[in-house]
Amino acid sequence: MESDHFEEMDIEVLSSMWPEDIGTDAGKQFNVEEKPKGDQDMLEEVTIMEEPTIVDFKRLLELTDYTEKGSSQLAYLIKHWEYKQANAARLLREELDSLSKQREEVELKKLEILEEHRFEEERYGDKRPISILDEVNDFWQEIPRRKNDVVVQNKRVEIDAKYDTIAYWKQQAMHFEKLLEGSIQREQILTEKLQECLKDFERQSSPVEELSQILKRADNFLHFVLQNAPVVIGHQDKELRYRFIYNHFPTLHEEDIIGKTDVEIFTGSGVKEAQEFKKEVLEKGLPAKREITFETDLFGSKTFLINVEPVFSKSGETIGINYMGMDVTDQVRKRERMAKLREEIAVQKAKETELNKTIHITEETMRAKQMLATMSHEIRSPLSGVVSMAEILASTKLDREQRQLLDVMLSSGDLVLQLINDILDLSKVESGVMKLEATKFRPREVVRHVLQTAAASLQKILTLEGHVADDVPIEVIGDVLRIRQILTNLISNAIKFTHEGKVGINLYVVPDPSSGKGEASHQTLNAAEANGRKEEKLEKHRSTSQTNGDQEGTHGQTQNESAYRNHHLSDESRTPVKSQAFVDEAAEEHPHSFETTVWICCDVYDTGIGIPENALPTLFKKYMQVSADHARKYGGTGLGLAICKQLVELMGGRLTVSSQEHCGSTFTFILPYKVSTTSDHSDDPDEFSDMADHDEATCDTTESFFQFQPRTLGSLFSSNGGSRTQKFLPHTTGYIRSNKLNGFSETSYSFPASNPRTRETSSIDDACSVVDDAEILCESETSSSHRPDPDNQTAACRGNQCQDDANCESQNPITDPTHHSEESIEVAVAAKTRELPKTDQRQDKFGISPQCVSSRSKEIPESTLQPRILLVEDNKTIVMVTQSMMKLLGRSIDVVNNGAEAVCAVQRHSYDLILMDVCMPIMDGLQATRLIRSFEETGNWDAAVKAGIEKVVPCLDSLQNGLGSMSSAKRIPIIAMTANALAESADECLANGMDSFVSKPVTLQKLKECLAKYLP
Amino acid sequence: MNRVLALLFHQGVLDEQFLQLQQLQDESSPNFVSEVVNIYFHESEKLLKNLRGLLTEREFSDYKKMGIHLNQFMGSSSSIGAKRVRNVCVAFRAASEQNNRAGCLRALELLEHEYCYLKNKLHELFQIEQQRVLAAGVRYPMQR
């Protein structure tokens, strides 16, 4: 019974697995090969319920026979069936057992009954066995037996009553008869039952039936699943012919598919791929998945995910494939879009980060540069303090040792200053703050000045020379300061690295490099040609410069040298002439299509140590020197060339280098210049020199060759006109913009270069400030005299004065003696204030007449008649400071405290200069100036009276001076002193009749400039 | 002394003008700098007092007058080279031009602070200088 129950359970589980209730419409789309109703549309196809044997049994058999899966499936089924069978057998056996037992019992009973009968018959009246019968009856069909039992007992009770009667025995006998009959009947029933059981068993034991049942269930289930599965399932045989296909979205008839291959069914892209893929799986025997995009006429463009699994035979051979395809077009499309988006996002992000990085870097760089500039500036201010203090110290009485120490200190300070200037320049250029000025200048002048300066500071036996081609315009427009800076830089560099031989400059016009680059027809000469983009120009120069010499030089450097030798040996005027001629030719080849712009090439060549080829790429990098060894040996910061390059590029030109180690280098830069068309003279500070010695200017303008022989051989200044003895001023670097015309707030560092030899650093350092040079040049030019006296303070004063003179002259080109006398006075004053000995060795060459020099002595006493200066200032501190400064400058001043007092003072005395504070109590400087001006114009003080100032009778002294009456005609220079040097305030001052203004704090330098300007 | 000076320069308390001032000192006026600075202190204290008075006495402040004072202060500060004081003055003046009372008060605070700092430092400087002069005076005879 228990096992029976177990089996029931088993079956129940099975039935839950295989739902029975699959509708009759199930599996409409199930295409099976052997199905008879193939000609119908698949949608209307067989209801599988009608035809339970949906499976191609032959194929199934094949499958079960040949495939492992099938066999395992079969084995399972058989096992299952066997198990069931065994169960059933056991059940039957048990049944049989129980039945036979019953029979046995019944027989036993029968026997007993018979025995009892006999026994009863022998000894009547033993009632005990009845209970046994009862027990026997108890076995089968309990409830009815109980009844029976009850009946029997009742009967017995009845019988008990009439125990000894015959009737009783009769009754008893009948009763037993009945029992026996019943027993037989039961036996019969049991036998029947047994028979039935057997029959049943027989019926149940058909394996095919069971299997088909199971298969049917499986099929149903499959149908159920597949009905809603949006997939294509198929089985293909070895030749990839469809044997079975299930398609959720069928578009083809069954017969179109079954027995055909993919290729036969479809056309279009992807089909072949699928076929190949299936083939591959078939061959490899490994399941695989792949996404294949079909582009067929049948269903358009669709992507299918195809999972192909090989089917093996029992022997391990592949006999076909199962495949499942799923339409993943949407997913693929989504995925692709996603990928695209993701890609875009990634790109975006990358861009963003790149951008951020760039921004960051830019910001950082800008900040760094700004900081560098600021820092340099900040360093410069205190350092200038240090240096100027040291200079002041140097002007005091010092013993030799102290002076030496001071010299070292000064030169070091100077070096640091220059370094900082370099950095400042560099950061200015890099941060784009650097502004170029377009000023007119004379290239010849520039070359000459640079060479002159270099010669002045030269401590080596070197020949400095310069060639300027004839076709170089006399005047061009460019940023002369920067050009000079570049030239000076290159020259000082060249000198630094040259121990003997020559250093020189060549200037010549080249055609526009953008138009006529390949013009040069000369053979390539230099090994470093890869480096320079414009060697043509160099070569041109070289070959021209060597026209007198060896034409067969195989190497650029040797040619160079020979060229140099030529310069030495040959007639000095001839070579340049030739080269000019050549360049002229070159220029003629390219007629002046560039009317306004001219490209001038400048070579700076030397016969120095040269530059190794491997150092060339880093040559123009910042802080880079050829080697650490060089840096140690020659010093310098490595900034000079970087600055040069940047400056040149800033001006739209190019700087290149070619070099031969141990033989020399040539730095070449070409720059575009505008050619000035008008010949009016601007106020360019650079032209002072030209103007100051305009006597010579005529020959200057055409001068094309300069040579500076080593000083030890006697300082020779050779020009076209012939050579003149010329001594150079002692080395005087370090003036910074002291000659700026406007003179606002420029600090001047002037230090005596008493001993140039101890200050080699300043000349050696590769980056001299152009401004410095300009100053020196101006000085040396304008003074145009030989001054063994190294006092630069005086020189500076004089220089400034001369420049001012020059300035005047530029407006009034007639040089009248008063200018010279003025200058002389100024010189005298400066000399006096400094109390320095002054030897009159001035040799006038550039147009200052000897009379002028001699007249100076006469004029000095005149100049001691101090011009009167009035300071109008309410601030005691400023008064004191200014007073003291004036004292230092050798002037005494009158001081009044406000505008009203100033007006009174002007009424009383005549002044040559008034320094007027703007903001003052009672009457401010502007009003006071207006009043004074109105007096000057009208000759009366009516305006002042109106303003509430009483007229004061002029004092005697002014009358004595004979100026009292005249003063009304003369315009007193009034200089405003203002604390806020804003432009508008300056305008206000000028609008109110002031001549100039000085911003506070008033410095010695400013005062000096001011006095120089307004007190001749 | 130099260190103190360097510090002051470094801090921006003083600028080159102070050096100019020192240049003006020579044998004929050996105490020129301290004299000037003392005058400056004297003046400045007056100005500061006035400024404070102007700012605090009433609700309404005479900004114009304040500006004049400040101009004066600025001028004298710049002429002795008191850079920081001057800068504060500029800010102060800007505030006063805008009639910004709070700004003025703040600037005044700052100005007083800077002024005191300058004063202390300069006093220190002069003291050192004095000592140096004394020491120099002592040493010279010994060297000879």
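Including glycine, each Cβ sits where the backbone N, Cα and C put it.
Keep in mind that this is a model prediction, so the values were computed, not measured.
Range annotated as coiled coil by TrEMBL, chosen from A:89-116, A:257-284, A:341-368, A:761-788: A:89-116. Between the stretches A:678-703, A:834-859, TrEMBL puts its region 'Disordered' entry on A:834-859.
Computed over the coiled coil (A:89-116), the whole-number mean pLDDT of the model equals 86.
All protein chains shown were included, and the count of other CB atoms within 10 Å of the CB of A:Asp917 (4-aspartylphosphate) stands at 28.
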